[in-house]
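Taking it in order: structure first as structure tokens, then the write-up.
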Amino acid sequence: MAANRDYYDVLGVSRDASDAEISKAYRKLAKKYHPDLNHEAGAEEKYKEVNEAYEVLHDPQKRQQYDQFGQAGMNGQGGFGGQYGGQGFGGADFGDFGDIFSSFFGGARQQVDPTAPQRGADLDYTMTIDFMDAIKGKTSEISYSRSTTCEVCKGSGAEKGTHPITCDKCGGSGMMTITQRSVLGMIQRQTTCDKCAGSGVIIQHPCHNCHGKGVKTQKQTLQVKVPAGIDNGQQIRLAGQGEAGKNGGPYGDLYIVFRVRPSKDFTRRGQTIYTTVPISFAQATLGDEINVKTVYGDTKLKIPAGTQPNQKFTLKEKGVPSLRGGSTGDQVTTVEIVIPKSINEAQRKALLEFVKASGGSIAPQEKGFFERLKEKLS
């Protein structure tokens, strides 16, 4: 760095700046000018200046000497430039650059005791059921695979009569702290212990039943009670039916997601059931009582005289029961008036009499009566 360049100017801070202000300024400039991040001409030299200035100003003793004597008080120990100048950047390891910045700028991983009890993972299971089973509920048997605690070693992974020992390389933490030299100086970062694979323990005599894993994969069979009123895409939770925990931790849960097959007779929206029934022109005109399908069986529906096309009728409490209990939805039935495609002579004469009695007439050149009736009813 040029001999007349002031370290405070390099970092852009005042001479009475606090340690926190100096560190903040350095972090900002180090990221800005780092050669791996900035390929502009002069960035590498600027980066060296920033590190040299920080090497002095963040050290209370060096800073005091600098404030009193200037660069002459450094005796060639001005930090980064003298320490790494001969090496340059070729010897720096940038393979773990993300880890370096994470550790350097406060992103260190939180330590977790690997030998502490850990809850098992949750599992998902998709269960396909019929439309009517979703309405009324049922009990079904399912089978799936999950890990269970080894019954021989009770989850320790060690042969009966032996115990796991604390890893002598990481001291049981499951992590190793590595100190390495980088372009940012000497830094520390954590990595998984390569001896115990992060478990914190060594199993000298693995269990013959689970081969040291502490768990075994087994087929699980359950009787699942499908709640009445369950809908497509909804799920239920079965506590403790998931994967085995570690170090004595509890089992995870099993989540069952329901897929409901569609019905040819009914559709559903929430707690309401929808259906359509056909009736004749005579039934719509004169009125009638008809049988209507519901999810609970056939029921009677009174069709009043003068019923119009697509008129809706509500059948109370013939819908879907609430999952919470206490209420049942309705069924909405839409009537569809069916016009016959052909009629016999007696029917034709009867309809003509009906038209005359109604004060109308049908001219031969006009559209057919049933065609006009269809248009009117559509």
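Heads up, residue numbers simply count up from 1 along the chain you see.
Using N, Cα and C of the backbone, Cβ positions are placed for all residues, glycine too.
Taken verbatim from Swiss-Prot:
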BINDING   Cys150, Cys153, Cys207, Cys210  Zn(2+) 1 binding site
BINDING   Cys167, Cys170, Cys193, Cys196  Zn(2+) 2 binding site
DOMAIN    6-70  domain 'J'
REPEAT    150-157  repeat 'CXXCXGXG motif'
REPEAT    167-174  repeat 'CXXCXGXG motif'
REPEAT    193-200  repeat 'CXXCXGXG motif'
REPEAT    207-214  repeat 'CXXCXGXG motif'
ZN_FING   137-219  zinc finger
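Tallying C-beta pairs under 8 angstroms between the repeat 'CXXCXGXG motif' (150-157) and each of 167-174, 193-200, 207-214 places 207-214 first. Highlighted in sequence order, Asp168, Lys169, Gly171, Gly172, Ser173, Gly174, Met175, Met176, Asp194, Lys195, Ala197, Gly198, Ser199, Gly200, Val201, Ile202 have their Cβ within 8 Å of the centre of the Cβ atoms of Cys167, Cys170, Cys193, Cys196, the residues recorded for Zn(2+) 2, and are not part of that set. For the recorded Zn(2+) 1 site, residues Cys150, Cys153, Cys207, Cys210 set the reference point as the centre of their Cβ atoms, and the other residues of that chain within 8 Å of it by Cβ are Glu151, Val152, Lys154, Gly155, Ser156, Gly157, Ala158, Pro206, His208, Asn209, His211, Gly212, Lys213, Gly214, Val215, Lys216. DSSP labels the residues of the repeat 'CXXCXGXG motif' (167-174) in these numbers: 0 helix, 0 strand, 8 coil. For the repeat 'CXXCXGXG motif' (193-200), the list of distant contacts is 113-115, 166-170, 172-176: same-chain residues at least six beyond its ends, Cβ to Cβ under 8 Å. Averaged across the repeat 'CXXCXGXG motif' (167-174), pLDDT in this predicted model comes to 91.
In sequence order, Gly174, Cys193, Lys195, Cys196, Ser199, Gly200, Val201, Ile202 make up the list of same-chain residues 6 or more apart from Cys167 (Zn(2+) 2 binding site) whose Cβ falls under 8 Å from its Cβ. Straight-line distance linking the Cα atoms of Cys170 (Zn(2+) 2 binding site) and Cys153 (Zn(2+) 1 binding site), rounded to a whole number, equals 24 Å.
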